[in-house]
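Asker: One structure follows; several queries about it will come next.
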Amino acid sequence: MSVLAALAAIGVLAVLIAVHELGHFAAARLQGIHVTRFALGFGPPLLKYQGAETEYSIRAIPLGGYVAFPDDDPDSEIPADDPNLLKNRPILDRAIVISAGVIANLVFAYFLLIGQVSTIGFQNIQPGLVIPQVDSASAAQVAGMEPGDIVLSLQGNTLPGFPDATTQFIDIVRRSPSVPITVEVQRGEETKTLTITPTPDAEGKGKIGVALLPNVETKRASNPLEALTYSAEAFERIVKLTTQGFWQLISNFADNASQVAGPVKIVEYGANIARSDASNLFQFGALISINLAVINILPLPALDGGQLVFLLIEGLLGKPLPEKFQMGVMQTGLVLLLSLGVFLIVRDTLNLTFVQEFLPSFTGYE
């Protein structure tokens, strides 16, 4: 993981957190609600600026950010009955402020996708596999396969998109040493049917001597309407995949807990993208922005969704729950959230390749 690639990924993550907090901040200020603090990160401030009413800061622990209101400050000079305190506003006004961070992340993700599809384009996965290379004198070459062919089906089984297509292709070939298999390929505008007999390797498994790549189609908008349409399709697909992923995590947490990624893992993933193809940082940013929105809307303490639950209860009961109870729940949730963040940072840091290589020599163990 190169330093520049890591910095690019960190920059993307920082921008997305800033967008989320700016959503809360803008929703409050546009309604005339007092805001005392706008912070990126938690813990002691690294940089700080005091505005006319609001303190702006970048803090040491990069696990999120927050917008603070004088309602939470017992030393605030603003009268408790000030109509522009958040707590004195109607439920709808407060709900707008609380949900604005999620909305900001979703809107920003959509505009990132518009930016990508308008300038670079999307690479959409299509069914089948591309053959970029055919080994000399291999079973595939003998059968007439050529570089650039797109494999559509094997043994009458239509290939899905990547990565399932790769798994299916390799499985069929390996299980068929010295057994002819029928392969349908697309070559230019033509469709051809080839019969390939995999040769056994040293382990007795079949091989045909080709390299495999995903079959991708680059979509680039030629006008504003196409940009909006393509971006909407990509946005819908990412939201659907994200919500499905969270549902699988929640419904089968024991098996999927190891897949939960913290900031370090996200930065590593983003750095790999930046190193291989920086243009994909648009889509990476949109993906993480949508993930931030989905995470924050979950009805859990210390998250925006948890605060919306309190508002819902207030609307049903006609009065808010006791303030001490709400504060206790939120503080407990914040401690648990920070603890989870620290755990994920430590775990993901220890799993980084260069750390894994460093630890044996540092500890003296092999």
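Glycine too: its Cβ is placed from the backbone N, Cα and C atoms.
From Swiss-Prot, here are the annotated features:
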ACT_SITE  E21  active site
BINDING   H20, H24  Zn(2+) binding site
DOMAIN    106-188  domain 'PDZ'
TRANSMEM  95-115  transmembrane segment
TRANSMEM  293-313  transmembrane segment
TRANSMEM  325-345  transmembrane segment
Asker: Counting across all protein chains present, how many other Cβ atoms fall within 10 Å of the Cβ of H24 (Zn(2+) binding site)?
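Answerer: Taking every protein chain into account, the count is 25.
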Asker: When the domain 'PDZ' (106-188) is classified with DSSP, how many of its residues are helical, how many are strand and how many are coil?
Answerer: 29 helix, 24 strand, 30 coil
Asker: Over the span of the domain 'PDZ' (106-188), how high is the average pLDDT in this prediction?
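Answerer: Averaged over the domain 'PDZ' (106-188), per-residue pLDDT gives 91.
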Asker: Cβ-Cβ under 8 Å from H20 (Zn(2+) binding site), same chain, 6 or more residues apart: which ones?
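Answerer: In sequence order, G65, G101, V102, A104, N105, L292, A293, N296 meet the Cβ cut-off.
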Asker: Sequence gap of 6 or more, Cβ distance under 8 Å: name the residues on the same chain that satisfy this around E21 (active site), in order along the sequence.
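Answerer: Those within reach of E21 (active site), by Cβ under 8 Å and sequence separation of 6 or more, are F38, A39, L40, G65, Y66, V67, G101.
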